[in-house]
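Asks: Taken from TrEMBL, the feature transmembrane segment applies to A:6-24, A:36-57, A:63-82, A:94-116, A:122-142, A:189-209, A:215-241.
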Amino acid sequence: MSNLTVSNGSLALGFVLVIVALIIGYKEKLGIDKDIVIGVVRAIVQLSIVGYILKFVIKTNDIWLTLACFVIIVINAAYNAGKRGNGIPKAFRFSLLAISVGTIVTLGTLVLTGSIKFVPEQIVPVTGMIASNIMVAIGLCYRNMKQTFSDRHQQILEKLALGADVKLASLDILRDSIRSGMQPTIDSIKTLGLVSLPGMMSGLIFAGVDPVKAIKYQIMVTFMLLASTSLGSIISCYLAYKQFYNEQKQLNINLIS
Amino acid sequence: MENILEVKNLFYQADEQKILKDITLNIEKGSYVTFIGPSGSGKSTLMRILADMINASSGEVIFDGKNINEYEPTEYRQRVSYAFQQPTLFGKTVKDNLEFPYLVRNKEFDRTEVSKYLEMVNLSESYIDKSVNDVSGGEKQRIALLRNLIFQPEVLITDEVTTGLDADNKTIVRNLIDKFNHDNGVTVLRVTHDDAEIASASKTIRIENGEMK
């Protein structure tokens, strides 16, 4: 494993790459220098803390501590996904439910089928992978939903005026929003191995695992992400679209920008 | 004659602005009432309240003896149908639009029945499969109006549906609405600025600055 060690010196030298990004940002007047600095500092601090916490959790190998990590990851993911749904009432609650269900179902299936073991070194990273993918998917769903409700509000009004229920009036938007949440996962699946060697597989190859075995893990991850993003997108969209209507099944104009 | 709609002391206010002030009126079953008045006087707002698209700030609307809030909104809107000034067509084809009233009622699309309705507005059966991008503005309004009428409502509210149409299209649209009123007894509430329509109206109600005049 010695070939995996990154010394503090080489890490400092790697920082040169950040300076390149900063120089480009400054020269081109992109106004992103502050964001880059904040992003880099946050990444260093957050990852350092997480590194020590993970070391402790893995060493302790306690079920409650593992579950606590699961809960923290899911809540954080839901909070960030909820922010994307800013303006949609109860967006955080819906994200929390969608991410919880998506993660529990996917993780549960993987554990029950023996694909992974219920040990912290497997549960915590896989939870992170699943929850972050659902988080991105839900964020895209919310953004698409807000935009399309705004773009197509005249059409919705006409459908309601014809006596349609809110679900029938929103069906096109629901389908588009769910699709927009799942599309990045589907696109990345199509190019697996051709464009990217994803994180899980690369990590295992780095750690010296036979690439053929690493591929099996990656295929499992692919199934896992497909299932979790579809579950998360469907649950969040089906809960969120109703917020665009009031109790009288009228379009809630306040939510339409 | 029995009243199908009764409006009692209706007010509507948006952002401190009073748009409708104390509107009280009765609409008889089977009548054809034309609402006139300057733009921005509150006619369309009144129609949208009657169509249950928005709620009044105060006052009540009684339909067929019951407050409209007591109806299941989808049931009410199937009985009191609202046609927009500049309708959009849904989906990809004309069929997507004419099938919609069937979907709303969980019924199978009936091509023969729909063809008969298309004939009423001088459109052939072949229009069913046309792309919505291939129909003209006038045809669009005729198709949109059929969405309201395929399952005959008890009240049809038309909000300047002939505005912007050429003379031929105006005649086709007017004849269709007249036919449903005369032959089938559909109550019609019409908002219009068209001089010919106002001149031929049997009953008019004038709204100015949110008040009945």
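All positions are counted from 1 along the displayed chain.
Cβ coordinates are placed from backbone N, Cα and C, and glycine is handled just like the others.
A TrEMBL annotation is a machine prediction, not a hand-curated record.
Walk me through the surroundings of each of these features.
Replies: Beyond the transmembrane segment (A:36-57), the same-chain residues lying 6 or more positions past its ends with a Cβ under 8 Å from any Cβ of the stretch are 18, 21-22, 25, 65-66, 69, 120, 124.
Beyond its flanks by at least six residues, the transmembrane segment (A:63-82) meets 53, 57, 91-96, 98-100, 103, 118-120, 123-124, 127-128, 131-132, 134-135, 138-139, 142, 236 of its own chain at Cβ-Cβ distances under 8 Å.
Non-local neighbours of the transmembrane segment (A:122-142) in the same chain are 54, 57-58, 66, 69-70, 73-74, 76-78, 80-81, 84-85, 88, 91, 95, 98-99, 102-103, 106-107, 110-111, 116, 177-178, 180-185, 199-200, 221, 224-225, 228-229, 231-233, 236-237, 240; each lies 6+ residues outside the stretch with a CB under 8 Å from one of its CB atoms.
Away from its own ends, the transmembrane segment (A:215-241) comes close to residues 81, 85, 88, 90-91, 94-95, 97-99, 101-103, 105-106, 109-110, 115, 126, 129-130, 133-134, 137-138, 141-142, 145, 166-167, 170, 173-174, 177-178, 181-182, 185-186, 189, 192, 198, 200-201, 204 of its chain (Cβ-Cβ under 8 Å, at least six residues beyond either end).
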Asks: Do any residues of this chain, six or more beyond the ends of the transmembrane segment (A:94-116), have a C-beta under 8 angstroms from a C-beta of it, and if so which?
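Replies: Residues 70, 74-75, 77-79, 81-82, 85, 88, 122-123, 126-127, 130-131, 134-135, 138, 220, 224, 227-229, 231-233, 235-236, 239-240.
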